[in-house]
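For reference, the structure discussed in these notes is given below.
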Amino acid sequence: MFLKNISLFNFKNYENTTFEFSREINCIIGDNGLGKTNLLDAIHYLSLGKSMINTQDTFNIRHDELAFAVKGIFQKNDRSYKVSCGFQKSSKKTLMVNGEVCGRLSSHVGQFPVVVVGPQDQDLVWGGSEFRRKLFDSMLSQVDNVYLESLIRYSHYLTQRNAYLKGLSEGKPWDELLMDHFNHELSAQGRVIFEKREKFLDSFNEIFRKYYKMFTRKDERVEIKYKSGLRDHDFMQKLKENIEKDRILQRTTFGVHRDDYSFVLDDFPLKKYASQGQQKSFTIAVKLAKFEFMMNQCGYAPLLLFDDLFDKLDENRTEALLDLISKSPFEQVMITEAKYDRLQALLEKMGIAANMLKVDEN
Ligand SMILES: Nc1ncnc2c1ncn2[C@@H]1O[C@H](COP(=O)(O)OP(=O)(O)OP(=O)(O)O)[C@@H](O)[C@H]1O
């Protein structure tokens, strides 16, 4: 799959600009603050109907304007898809494919898959456990309906149990049967989630290690470890044991909603001991593994967007990575870079053909 072109109207710093892309590597070049990341974000809008940066659509409307629109043409399995996404202040967002309005955003997700590698990936290392759970949950939910169903049910009962705990502190009467019902549902769904997360990570680790080795060309041992309280404890038992604590804190303190994934390099936690370049290499390999995973699911290569690819990577890793992503199974790749000469020289040295797109002052 690839994106042939994109037009941006009043999107962030763009007034009305069109870019044409090639099927392989596209380098988006420009000085700081000219709109390279914004262009990637517009592509993200077409793929997933939302920004990769701002949670509120309003922030993406060009200052002093009332609406933005992004339009583009994807090519997939020899068919063209005209996709557009528009948003007007105090109105609903509209997403269209070949002239038809997508009723629900969720029906659009997965049609034009994209994987983004960028500075936000630091959150996977430095952010709270929710960032890591979200990454793995989104992948697992795409392939396993039972997992998705369990996750939805678990989250429903967790919300209910927490609301009930809050109610108790406000004087609601204790209801043993109701609490038993919550505990039973949480432990049943939690068990499914735990087992599936554990199994999934085994296969994901294999792909992840392959990519880490491929572009670092080092024998560093890397691993993602799944950490869950369910490994050593009976969930039901723990919910019962913790009830007094839960009542005081007004929330459920044990369960798979508190699971985490730890990133490990040569047996030490990545966050505490690894260099910035090693941390970045780690998250890049995670994203490349995600790419392969998604490709296996949908049967074609997702778009791959690299924001600030070269930052913190040494020459060896940069070259190895460029070499890797310029070949199959990677198809269309977008790379942002401020230094034209450096990138041009590197691509020439490596004999990689690329479409150079300059982002100018708008
Ligand atoms: N809603 C908006 N309206 C107008 N301009 C905006 C809006 N949102 C962001 N910008 C502008 O977009 C620019 C940032 O663009 P972007 O992050 O894409 O830059 P970049 O080329 O990736 O820069 P760098 O090389 O520093 O990463 C800033 O100048 C910012 O003021």
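Every residue gets a Cβ built from N, Cα and C, even glycine.
Noted in TrEMBL for the protein shown:
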type	residues	note
BINDING	G30, D31, N32, G33, L34, G35, K36, T37	ATP binding site
DOMAIN	2-351	domain 'RecF/RecN/SMC N-terminal'
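Summary of the ATP site environment: with the site residues G30, D31, N32, G33, L34, G35, K36, T37 set aside, the chain residues having Cβ atoms within 8 Å of the Cβ mean position are N38, T336, A338, V359.
Sequence-distant neighbours of G30 (ATP binding site) (same chain, 6+ residues apart, CB-CB distance under 8 A): K36, A338, K358, V359, D360. Burial estimate for the binding-site residues (N32, T37): highest at T37, by number of other CB atoms within 10 Å. Of all the binding-site residues listed (G33, G35), G33 has the fewest other CB atoms within 10 A of its CB. Within 10 Å of the C-beta of L34 (ATP binding site) there are 18 other C-beta atoms, taking all protein chains into account. Taking the domain 'RecF/RecN/SMC N-terminal' (2-351) as a whole, pLDDT averages 95 in the prediction. In the three-state DSSP scheme, G35 (ATP binding site) falls into the coil class. Considering only the binding-site residues D31, K36, the Cβ with the fewest other Cβ atoms within 10 Å is that of D31.
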